[in-house]
Amino acid sequence: MDTNIGSLDSCKPTSNDVCCPANVTVSTIQGSVSPIIINSSEATLGRHLARRLVQIGISDVFSVPGDFNLTLLDHLIAEPGLNLIGCCNELNAGYAADGFARSRGVGACVVTFTVGGLSVLNAIAGAYSENLPLICIVGGPNSNDYGTNRILHHTIGLPDFSQELRCFQTVTCYQAVVNNLEDAHEMIDTAISTALKESKPVYISISCNLPAIPHPTFAREPVPFSLSPKLSNKIGLEAAVEAAAEFLNKAVKPVLVGGPKLRVAKACEAFVELADASGYAVAVMPSGKGLVPEHHPHFIGTYWGAVSTAFCAEIVESADAYLFAGPIYNDYSSVGYSLLLKKEKAIIVQPDRVVIGNGPAFGCVLMKDFLRELAKRLKHNNTAYENYHRIFVPEGQPLKAAPKDPLRVNVLFQHIQKMLSSDSAVIAETGDSWFNCQKLKLPAGCGYEFQMQYGSIGWSVGATLGYAQAVPEKRVIACIGDGSFQVTAQDVSTMLRCGQKTVIFLINNGGYTIEVEIHDGPYNVIKNWNYTALVDAIHNGEGKCWTAKVFCEEELIEAIETATGAKKDCLCFIEVMVHKDDTSKELLEWGSRVSAANSRPPNPQ
């Protein structure tokens, strides 16, 4: 591959007002700039890879050392623009890279061969499901061992070293096994550029004896990538816009709904332009929360079928036309396949495809181009929003508790709402936090992330580490259930090592509450830990950390005042004790519907 394929600059949005959190822009190559010639002894694979990571916007790499990747880690440490963050386990390193990518547009992790690779695999699969570009780098066997009959450690005892590669093939969009220097430059650059173009994870295995060896292909400073932007088919775009405009302009009360693929399509800004121009009521799918500005004048809340924001589902499902931008309809987002939507009323806009009603369909049409052009062709129609405004009744307040009454979850989130600002971000763990955080009203610029498609419990600990590292100017507020925390708790220690100032609300209700509402059994009850004492032990006097355990609203208020006041520069861990049956009403409804979907009998044969 020609060396002028170099890098892509990643830009971090200053605000989530109208911009996707993972927004990236392509840099251009100046013809007058000559690549810098590197001292021959420094022209190594390790240096080249490190420089590439910096060029695409990565400042922090999450790693777990192992004997096959140690020399490579030396080169990453030597790069001034990179900060190597050692994690407690590979799963959390992958989750941290996921969280970092959600803010910066791309993330990276480094692990060792097979034992590390298969440990990080679950996190890479989650990133694949969420369309996040991750560079997963594995230190591989010595290049001389390939093609021999040798059995190596960290393998399953066979002389075939391809087990790890085969596992990664289904959860990455490109795989590179670098076991010689002749094509290492090409393979590394192809892998990284493919991750950026496809917005999916890639796998790069590098033989442990290669990172420090100079090679002529690395003799010049890598030239920044100039990736060709995807383009819409102009004829298809015009036809799609014309058909959609005709479809929507004859509707009486059309609505817009934003979905999670607004991020990968880089179409958040275009979606807002369409909302502004059309006057339609604007909703967001649960997995798209944070991608659509909730301070928009026509925002009506989250559309999630039977567990939608109050009055939102009634407006969406009664509309005579709805445009869904980047939706994912799975059993969770459809509440057990119970959405009351009709295909003939819908325009479905995916990142590169538009389908109108039962047809026609238009391919090679980019979402952001389509939305921008459609905005110019729609008649202003605010009927649906006026209907919403007409029926809307403000939410009530939780019942006032008597002094020292046990704390309720709805009271907890009432106080979390007051903590949110443009300088904060929310990470919601899989479980009842999905539903409670979904009801939070995000101020302009407030970040929001959760993993709805993959739904891996424990994701939020590593993701909080990575997200907070990517946006040190924001204070991350993580809402994590006790069951999920037990899966990945160790990397609170890494947060402390990095000096992060996150606020973690550990919601202790004694088990896997979301699973209780789907199908209960003794397996949903977990061993209770003294979580504050655990975090104090992890702290061990090193770094800034403050913990509290709260049982009532008065103690919660005091803890939040301390966390946002005297301890605002500390990692604050607040364990919230609540009743095991204290859940959101949305989880009760959602759980019963998902249970019904899971328990459908086999179709007759």
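A Cβ is built for glycine as well, from the same backbone N, Cα and C atoms used for every other residue.
Because TrEMBL annotations are produced automatically, they should be read as predictions rather than curated entries.
What TrEMBL records for this protein:
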- 44-149: domain 'Thiamine pyrophosphate enzyme N-terminal TPP-binding' (DOMAIN)
- 241-359: domain 'Thiamine pyrophosphate enzyme central' (DOMAIN)
- 452-576: domain 'Thiamine pyrophosphate enzyme TPP-binding' (DOMAIN)
- Asp482, Asn509, Gly511: Mg(2+) binding site (BINDING)
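Apart from Asp482, Asn509, Gly511, the residues listed for Mg(2+), the same chain places the Cβ atoms of Gly481, Gly483, Ile507, Asn508, Gly510, Tyr512, Thr513, Ile526, Lys580 within 8 Å of the centroid of those Cβ atoms. Comparing the binding-site residues Asp482, Asn509, Gly511 by how many other C-beta atoms lie within 10 angstroms of each C-beta, the top residue is Asp482. Helix first, then strand, then coil: DSSP counts for the domain 'Thiamine pyrophosphate enzyme TPP-binding' (452-576) stand at 58 helix, 28 strand, 39 coil. Each residue in the domain 'Thiamine pyrophosphate enzyme central' (241-359) gets a DSSP state, and the totals come to 39 helix, 25 strand, 55 coil. Each residue in the domain 'Thiamine pyrophosphate enzyme central' (241-359) has a pLDDT score, and their mean in this model is 97. Residues in the domain 'Thiamine pyrophosphate enzyme N-terminal TPP-binding' (44-149) partition by DSSP class (helix H, G, I; strand E, B; coil) as 53 helix, 22 strand, 31 coil.
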